[in-house]
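According to TrEMBL, the protein carries these features:
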{"type": "BINDING", "residues": "102, 103, 134, 219, 220, 221, 222, 276", "note": "pyridoxal 5'-phosphate binding site"}
{"type": "BINDING", "residues": "137", "note": "N(2)-acetyl-L-ornithine binding site"}
{"type": "MOD_RES", "residues": "248", "note": "N6-(pyridoxal phosphate)lysine"}
Ligand SMILES: *Cc1c(COP(=O)(O)O)cnc(C)c1O
């Protein structure tokens, strides 16, 4: 197949992309328009929790599409209730609102916290978020994010998101005033370069929130649904947040996200929240299939085994090449480079012949790994061996 320039020109230019068109995928492998195969460690940006086109997801979407696609969010549908029951059963939350993207789920979390502040905290509305955090690309979630420069791109910002430093409790405490309603964070900062909040920090935040009558909101859009080796990353530190958002992996690749809240915090009145596609049976049926695969006996054990294998292999590579180690939780990991050749490594891995490999460098001195949660032991071995070859080539 030829690369179609006119097709490229018809798309709004929002980022630089390689001149490749991906035409099919299976498991951890993607194939481009020339028939070249790639070991995919990006997986649609950590969304394909079960890899490309897993049979159970294909079946769920196909069956549901033939049955009922969208009766309207004003009516109940079976898959949305099935998925909500599964999520409340597996977590500390009692109520679920389904959304279409992580940013939209986070908007919902912000609205819910502000509504709770109006009802219970005298109109308090400020939500303390963190430097370098990422919560999405709507105006409010960009304002909540701590990405450098984002305070200026579409100024003025949505007000009310003072920024603290991750793993620095005093920096959070110092921002609390009588207008503060919540603290919101990613248990592992993903886009910032896979920086985990420590277990102690998560526990201390819970206590700080309790002591000051604040809500604790975890943005688990990237860390939720098995990514860290637990179903939800907050479970790593044994705390009970008040609100959680899910996205990415929950749909296994299709647009699905969720706002999860404890009963006491579920204070939306009729009309406060909604959306045309929200909770539609086509996407929530996909979510049920993904959830059941992740909850099957042994699935998370395998995630943890692959995570240990990947961590050990990355540490070995770091030692061999004089890099700065690795970090992460579960199958969300990063290799810290000793120089800014991350983008060169990503390009060389993709262009490798005859088979390529897709990696991500969220920062020039760091590689991020977010494989399918069901990546095999052999595929992790291949990833590590190929990465070693690529680094040798780039650094020769
Ligand atoms: C990706 C991401 C989002 C945004 O999700 P979208 O589906 O792209 O809107 C929000 N928070 C975190 C932590 C993310 O990783």
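Cβ atoms here come from the backbone N, Cα and C positions, even for glycine.
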Among 137, 248, the most crowded of the recorded positions [Cβ within 10 Å]: 248
Annotated binding-site residues 102, 103, 134, 220, 276, filtered by Cβ under 6 Å to ligand 1: 102, 103, 134
Neighbourhood of residue 276 (pyridoxal 5'-phosphate binding site) by C-beta distance under 8 A, where only residues 6 or more apart in the same chain count: 73
Distance from the residue listed as 'N6-(pyridoxal phosphate)lysine' back to residue 222 (pyridoxal 5'-phosphate binding site), taken between C-alpha atoms, in Å: 6
For residue 103 (pyridoxal 5'-phosphate binding site): DSSP state (helix, strand, coil): helix
Per-residue Cβ crowding (10 Å cut-off), top of binding-site residues 103, 221: 221
Of the recorded positions listed as 102, 103, 219, 221, 248, the one whose CA lies nearest the CA of the residue listed as 'N(2)-acetyl-L-ornithine binding site': 103
Cβ neighbours of residue 220 (pyridoxal 5'-phosphate binding site) where a neighbour is any other Cβ within 10 Å: 30
Cβ atoms near residue 222 (pyridoxal 5'-phosphate binding site) (within 10 Å, other residues, all chains): 27
